[in-house]
Protein chains: 2
Amino acid sequence: MRTGIATVCLSGTLEEKLRAAAKAGFGGVEIFEADLVTSSLSPESVRSLAEDLGLGLDLYQPFRDFDSVPEELYRANLRRAEAKFKLMDRLGIETILVCSTVAAGSAKYADDDGLRAEQLHGLGELAADHGVKVAYEALAWGTFVNDFEHAWRIVADADHPNLGTCLDTFHILSRAWDTEPIERIPGEKIFFVQVADAPKLSMDVLNWSRHYRVFPGEGQFDLPKFLGHVARTGYNGPVSLEVFNDTFRQADVERTAVDAMRSLIWLEERTAKHLAALAAESGPESGSASAAAAPTPAQLAAASRAYPMSLTTLPQVAPPSGINFAEVKADAAAAGGGELERLLAQLGFEPRGEHRTKPVSLWTLGDARIILNRQQARGVAPAISALGFDVENSVTAVARALQLKAVAVPRTSQANEEVLQAVEAPDGTEVFLCQDTLWTQEFGSGSPSGGAAVARIDHINLAQPWQHYDEGVLFYSSVLALSPQPSQEVSSPAGLVRSQVMQTELVEGERAVRLALNLAPWVQADSVRGTVEDTFQEHIAVAVPDLVATARACRARKLPFLEIPENYYEDLDARFGLDPEFLATLRELDLLYDRDERGDFLHFYTATVGSVFFEMVQRIDGYDGFGAPNAPVRHAVQHAARQAK
Amino acid sequence: MRTGIATVCLSGTLEEKLRAAAKAGFGGVEIFEADLVTSSLSPESVRSLAEDLGLGLDLYQPFRDFDSVPEELYRANLRRAEAKFKLMDRLGIETILVCSTVAAGSAKYADDDGLRAEQLHGLGELAADHGVKVAYEALAWGTFVNDFEHAWRIVADADHPNLGTCLDTFHILSRAWDTEPIERIPGEKIFFVQVADAPKLSMDVLNWSRHYRVFPGEGQFDLPKFLGHVARTGYNGPVSLEVFNDTFRQADVERTAVDAMRSLIWLEERTAKHLAALAAESGPESGSASAAAAPTPAQLAAASRAYPMSLTTLPQVAPPSGINFAEVKADAAAAGGGELERLLAQLGFEPRGEHRTKPVSLWTLGDARIILNRQQARGVAPAISALGFDVENSVTAVARALQLKAVAVPRTSQANEEVLQAVEAPDGTEVFLCQDTLWTQEFGSGSPSGGAAVARIDHINLAQPWQHYDEGVLFYSSVLALSPQPSQEVSSPAGLVRSQVMQTELVEGERAVRLALNLAPWVQADSVRGTVEDTFQEHIAVAVPDLVATARACRARKLPFLEIPENYYEDLDARFGLDPEFLATLRELDLLYDRDERGDFLHFYTATVGSVFFEMVQRIDGYDGFGAPNAPVRHAVQHAARQAK
């Protein structure tokens, strides 16, 4: 698949954009006109820079408000087009994007497709003189033409070899047009394909488009289905990203380019899976739904070969079967040093001793493993630094991650030590892909001495800087095969916190892995009382079979609980009408309570050390949430605790 | 007018919110339930704290999903309500807000207003037992009731003395309901009035409400008309702000409270003006439209007395008649010291000498006056620090500003010096209210020696931090009587820049004052190449009668022009088909060009010193814009210049 990206997706100067696109491995770029107009590079310099970088210049865009105009303006538009065709010749670009007119036009043109076809034919004639191909696209908010089928009918009527159509997922899927008719367009008349994803919002398409586009896999459009239709037409040209939003334009250009490339690799795989599943459904040798749901690598490869777009396949992995460990970086010597150890002991974790060669210790409670890492932690307040996930085969899992442009974490280990494979998540968290727990043998002689009968890490809650939030969603879904859930918003004293849960499927009422990514509201430290810490707290939640018993034991060990206000319990009672004895227990132990359509949830929080705190949870009868209604209480009490310091 | 604010408008703990509301001068607050539930203060402590602060507790809110439910749930809802009524007794709150149901309900209730009236009557009975008043409100997204007239019909049918209605501007104006029927509701049946403003957006009302509400005067709703209708019913209760958006929740609680209070003072004045204008229109002694457009202070006072809401009047001022001066703070000794002086001289400004007693110098070009202030500027990069506006009467203007909660700027001056009056704008800029230019006599002996025949400050462009952007709009419109224009967005290498122009009316093709507030995209300094400086550049634009001549003279004085790329001129030619000779002049002199429906615009920029640069402009035939299509070129070239440093 020929990959591409529009320069408008990236921040910085045109040269910075081209270098970043090439470095991320894109096949080509679309030159966004304003990027050229504002650049000090001459068209010839842009051309030779792209050649040096091995980057194709696949499209010049956009050319606006060409069609559906009176004769005089049509002539002026042809002159304007000719200037651009000459410019394209200097740039060495063959194809130009012409958008359907958005200017307020005379109503008499509303139904005049004949005029539009005629004017576009005229443009095709001029284009032929200059060796240019014109790709005509229906904008979702076009004055007269806003539907790709309509645009294609006009192109078909205009019937000129230098005129074809451009398909853009945003303009098609934001209007919820049926995509099946794409297959009726001859592949050779599709001159260009642009892809963008977006969250499903109910707002005007222009602002939706301008502020909320995201890369494929970060939104809610069914892009694999779209691209499947395109592949079936025989189209074999660029699949190019045209994505702009308030975040990307401000982010680092090189990392945005990598995020972008990852999204196309992800889209390619999903499209191949979609096509393989369709083939399996209708194929002679298989009619079963389960085959359709999970195509084999052979089926995937066949789907790839069957289409000229040559969809490739990545190493396949199953979703992780558990959280192997969580690591907290902490400086034992710093202020608050030793606090974490004390907290873990009070929670019932057992020290399993020091690592043989590194200043790292292991603490366990049942199957919940927490590593305290004192390496390079001098003066650093405790923070979650690494997560281990249980995978079937760590070599395959890492190979997949690297093909998805993840950065490997360099790791020094002794000859006799387990080699753990890790890659870096967008927020800097190290993600280890673990096949087993043999690595625990490298820790001292401390052996597990009971603790809770069954305990495991229930979920991890990571704070995400706003620039890397969408990137994080794509990372965890593409690299680790976690499924993103609809995002939620919870209120805190410092603003709304957007929370995105990534998790594995429900199997017999259980989920192996739950990860919550929290988009913290941005607080400017110097102008607001709350500090940045306010919004960057993260936590590790451990599931136990009897939370009340655990809480009592923790209380006996003098654990500093997060103190829950009395008002909360009165409100809880008004909302749920709880048994008075049960309510008294909740109140006594600072426990929080929630209920969903399946079952009940009991949980409590510890005080915070650095930016880390812990949660103990009990899921009853398959409760599947995270106690979100209680999040404002937690935020408010944590905020008040910081104010009191 | 009894002023109020919902605690949900403010950030922080409940105690912080109450203290900030009292300090800003509010009469009362609405207690938002989640703020109480998450607070460690007991209801009794909240009550006594409010008493100590002299703050009324005017409303408890919200109570959700009460009506249109089956019998069993209705009974449960009554129990839930009773718990809240008991809580209100402890808080000493008389009125509770009950919102129309938003839960998915059975379709059989869709037309059953009889059931709703019955259930609300039952709630009224229970409320009477507890001495509570229930204010029923139609939410814009209510399942069955989303229209204030509908809510009022149900309340009228329910016919219970303890039941009334609540009117909320957002829920009414976001749905564009006709507000005239408000006057048919008896004032004593309106139990509460909530006000919020908002930009006009085309999106689903729930997200619009949740993220985009702003304080009155910061959005586009016609609130004075709404409140005029309310005043005419005889309503005399609280007018209370219920405003939440992504910014306020993160901003400093005390300044948000002041911004909020300013918005109510502004709304009160606008409502009195609206009522006075209506009275003048229909009154016996006057039928002229001009009287209606600008009511006299006497008419305003009469309008205030005529309504039980007792609308007060502020000192009245006319919009400013010009920009008196701009001040740049600069450290002559720092790196780049002296650069500003050099730049001003190259632009053709004349030094008018040093101030008699302060390390401050004055530079003029025609009527454009720029002050360089070296006081407390050690090590500070040059930045715009103060603006002077020409007002009719500075004592009145300052009195008005102070009543609008502006903070006076403390000023030391000698006995024989002009006393200049200044207040602080939300971004920290000092705003001077000047009656004349006598202050210029305090500067040395340098006398104006010609320069351009006519020159004046055309506009000032100030960068606004995102937390204070809306506040800035309200400040300049309420304090200085500038009119906000629809905001625009222009692209820059570091993101979209939202630009809000505040200006005086067009009089004979001229505007006395133009001020552009730019909301800079937020760039995290440590993760992006561009630095914060990128987005905090500000500038002073000077209008001259012959820009080409000015540019040639500046070139002769070796002014460092912002260098405009050749690609820009090629695009300009393709767009406008300019006369080749004229285009050659633009190209030669690095001039930019724009055209609107009135006339032409020529302008050029200087290089940047600190965060300040200058622009020279020429408006031809009443061109009324700012050259917005050229802004991306400027941003890109400035960005490239910084990268090159």
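Placement of Cβ uses the backbone N, Cα and C atoms for every residue, glycine included.
Curation does not apply to TrEMBL; its annotations are automatic.
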A:Glu137, A:Asp168, A:Glu242 bind divalent metal cation per TrEMBL; candidate in A:Gln119, A:Gln194, A:Gln220 listed for that same site: A:Gln194
Site-mate of A:His539, A:Glu615 for Mg(2+) in TrEMBL, selected among A:His274, A:His355, A:His459, A:His468: A:His459
Once near-sequence residues are set aside, which residues in the chain of A:Glu137 (divalent metal cation binding site), 6 or more away, have Cβ atoms under 8 Å from its Cβ? A:Leu97, A:Val98, A:Cys99, A:Ser100, A:Phe148, A:Ala151, A:Thr165, A:Cys166, A:Leu167, A:Asp168, A:His171, A:Gln194
Distance between A:His539 (Mg(2+) binding site) and A:Glu242 (divalent metal cation binding site) at the Cα atoms, whole Å? 36
Between A:Glu242 (divalent metal cation binding site) and A:Glu615 (Mg(2+) binding site): CA-CA distance (Å): 41
Calculate the distance in Å between the alpha carbons (Cα) of A:Glu242 (divalent metal cation binding site) and A:His459 (Mg(2+) binding site), and round it to a whole number. 35
Should A:Glu242 (divalent metal cation binding site) be counted as helix, strand, or coil on the basis of DSSP? coil
When you average the Cβ positions of A:Glu137, A:Asp168, A:Gln194, A:Glu242 for the divalent metal cation site, which other residues in that chain have a Cβ within 8 Å of that mean position? A:Leu97, A:Cys166, A:Leu167, A:Thr169, A:Phe170, A:His171, A:Phe192, A:Val193, A:Val195, A:Ala196, A:Ser240
Output field, Mg(2+) shell: CB within 8 Å of site CB centroid, site A:His459, A:His539, A:Glu615 dropped: A:Asp458, A:Ile460, A:Asn461, A:Ala516, A:Ile540, A:Ala541, A:Val542, A:Phe614, A:Val617, A:Phe626
With every protein chain in view, how many other Cβ atoms are within 10 Å of the Cβ of A:Glu242 (divalent metal cation binding site)? 27
Counting across all protein chains, other CB atoms within 10 angstroms of the CB of A:His539 (Mg(2+) binding site) number 22
Around the Cβ of A:Glu615 (Mg(2+) binding site), other Cβ atoms within 10 Å, all chains included, total 21
Which chain-mates of A:His459 (Mg(2+) binding site) that are at least 6 residues away have a CB under 8 A from its CB, listed by sequence? A:Arg514, A:Leu515, A:Ala516, A:Ala541, A:Phe626
Counting every protein chain shown, other Cβ atoms within 10 Å of the Cβ of A:Asp168 (divalent metal cation binding site) number 23
